[in-house]
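As given in Swiss-Prot:
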- 159-170: compositional bias 'Pro residues' (COMPBIAS)
- CYS27-CYS53: disulfide bond (DISULFID)
- CYS34-CYS48: disulfide bond (DISULFID)
- CYS38-CYS54: disulfide bond (DISULFID)
- 142-183: region 'Disordered' (REGION)
- 1-19: signal peptide (SIGNAL)
Amino acid sequence: MKLLFPIFASLMLQYQVNTEFIGLRSCLMGFGRCRDHCNVDEKEIQKCKMKKCCVGPKVVKLIKNYLQYGTPNVLNEDVQEMLKPAENSSAVIQRKHILSILPQIKSINFFANTNLVIIPNATPVNSATVSTMTSGQITYTATSAKSNTKESGDSATASPPPAPPPPNILPTPSLELEEAEEQ
């Protein structure tokens, strides 16, 4: 029993346990199930080896809503027209369309910006910061800087750092009143 408990506990605490031996293999990042035949209300999205990846109507609605309202400024007009609900649309056309759009969404860089950093008594330094955000993954930030180190080194040694200001005690009205009362 002492030997079985750590093995059982490690299986229960794993992030993702392979449940293929039970027959409940999942697909489409856990939103779908691999089955021989899809139910009436489910749609086939991908293939799981010899089976079909079936997703329910809630997942299909979630994907459509995300593509329609979550990314309207990223996608071009042709894709937006295809996403509008149609009365005579078949499951095959929808599946091909959804799978063709996903690589476009992944390839777009949402968070790219370029800044200009200015250091006093030195030359300007151009820096570009690019960070990408992917759901469920760690965000990495890369910064590249370009400057002339000889010029900035010369300018840094040419001017000494400014001396700190001398400590001045500023007279306050209450201090002036006390001095006037003493006299």
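For all residues, glycine too, the Cβ spot is worked out from N, Cα and C.
On a predicted model such as this, the values are computed, not experimentally measured, just so you know.
Ranking the disulfide-bonded residues CYS27, CYS48, CYS53 by Cα distance from CYS38 (disulfide bond) puts CYS53 first. A sphere of 10 angstroms centred on the C-beta of CYS53 (disulfide bond) encloses 22 other C-beta atoms. Each of the disulfide-bonded residues CYS27, CYS34, CYS48, CYS54 was ranked by the number of other C-beta atoms within 10 Å, and first place falls to CYS54.
In this structure the C-alpha atoms belonging to CYS54 (disulfide bond) and CYS34 (disulfide bond) are separated by 6 Å.
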